[in-house]
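A.B. asks: Pasting in a structure now, in structure tokens, and then I'll have a few things to ask.
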Amino acid sequence: MSVQGPQRRLLGSLNSTSPAAPRLGLAANQTGPRCLELSVPDGLFLGLGLVSVVENVLVVAAIAKNRNLHSPMYYFICCLAVSDLLVSVSSVLETAVMLLLEAGALAGRAAVVQRLDDIIDVLVCGAMVSSLCFLGAIAVDRYISIFYALRYHSIVTLPRAWRAISAIWVASVLSSTLFIAYYDHTAVLLCLVSFFVAMLVLMAVLYVHMLARACQHARGIARLHKRQRPVHQGLGLKGAATLTILLGIFFLCWGPFFLHLSLMVLCPRHPICGCVFKNFNLFLTLIICNSIVDPFIYAFRSQELRKTLQEVLLCSW
């Protein structure tokens with residue numbers, strides 16, 4: 001792939017010596033209204049990335065260590081941790097290499113830097129796609145466990161889970177390769193945005209339906225104990241709060257990135273859209289933050305996993 005300047009990339013470029021430079025095909029010399037540009041210090045970005053790496057490595061180690069966690073649900077959580085780990089590692093690696101290039105501490109031929117850029121971009125894009133896929137897979141798994149509880153173990157078997165996991169990884173690698181190869185096509189950006197919207201709708205529909213079932217179940221229990229309102233309202237408020245946090249964090253962390261992609265299609269040269277483009281480094285930081293939060297939402301709430309995690313930490317000392 002030929003070098004086309006510092007902003008030729010879908011997910012950033014090592015040809016730009018500043019890690020805070022606009023990415024995703026931005027017009028660097030746009031003129032227009034005064035914009036609010038929130039820069040993220042390199043040290044903070046690298047620090048968040050390292051925190052995410054440590055957290056997700058611990059999740060993978062805990063699930064690998066405890067055989068009681070070798071079930072489809074925890075395998076999906078483990079794969080989500082691996083995806084978040086790859087997002088963090090690749091983003092930190094890209095920023096570190098760019099800083100080294102800027103400082104002159106890393107010298108290399110343009111072809112070598114170009115090849116490394118290609119590899120990192122495919123890794124970042126594939127990890128993002130797989131992370132979204134496994135968030136959807138976890139939602140589907142929980143939905144089946146609630147609405148088909150008696151048949152859950154016959155529906156979600158280990159072979160089926162492994163086939164689903166393999167399909168997600170293969171699809172993520174292939175799609176990310178195509179996305180990077182055809183980064184300058186509008187269809188690529190539309191596919192990414194459509195994929196995000198589909199995952200958001202899927203998760204919202206499934207979790208809202210699960211909340212409705214939980215409230216219905218609570219009403220049934222309340223009638224038996226003749227205290228309908230307190231029990232039902234308490235569970236409903238708790239469930240609604242949990243749902244709001246889960247979907248809110250997902251949308252807050254991923255939404256700006258895909259808004260960025262949408263505006264690239266709708267108004268790539270409009271001055272106001274250019275103001276959004278200048279904050280891409282912040283949007284990538286939010287995705288790293290999502291990788292930090294995911295273990296707390298999906299993994300650390302399990303008492304069995306927390307116990308195993310303590311054992312892993314004690315063994316490491």
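Backbone N, Cα and C define each Cβ position, glycine as well.
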A.B. asks: Look up the topological domain names in Swiss-Prot for ALA103 and ALA187, then state whether they lie on the same side of the membrane.
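C.D. replies: Membrane side for ALA103 and ALA187, as annotated in Swiss-Prot: identical.
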A.B. asks: Residues with Cβ closer than 8 Å to the Cβ of CYS315 (S-palmitoyl cysteine), same chain and 6+ apart in sequence?
C.D. replies: none
A.B. asks: Would you say the transmembrane segment (164-183) and the transmembrane segment (280-300) are touching, if the rule is that at least three C-beta pairs must lie under 8 angstroms and be 6 or more residues apart?
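C.D. replies: Checked: the transmembrane segment (280-300) vs the transmembrane segment (164-183), no contact.
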A.B. asks: So which of 73-93, 119-140, 164-183 has the most C-beta pairs under 8 Å when paired with the transmembrane segment (38-63)?
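C.D. replies: Per the Cβ count, the answer is 73-93.
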A.B. asks: Six or more residues beyond either end and a Cβ under 8 Å away: which residues meet both conditions relative to the transmembrane segment (73-93)?
C.D. replies: 45-46, 49-50, 52-53, 56-57, 59-60, 63-64, 120, 123-124, 126-128, 130-131, 134-135, 137-138, 141-142, 145, 156, 161-162, 165, 168-169, 284, 287-288, 290-291, 294-295, 298-299, 302, 305
A.B. asks: Limited to the topological domain 'Cytoplasmic' (212-240), I'd like the whole-number average of pLDDT.
C.D. replies: 64
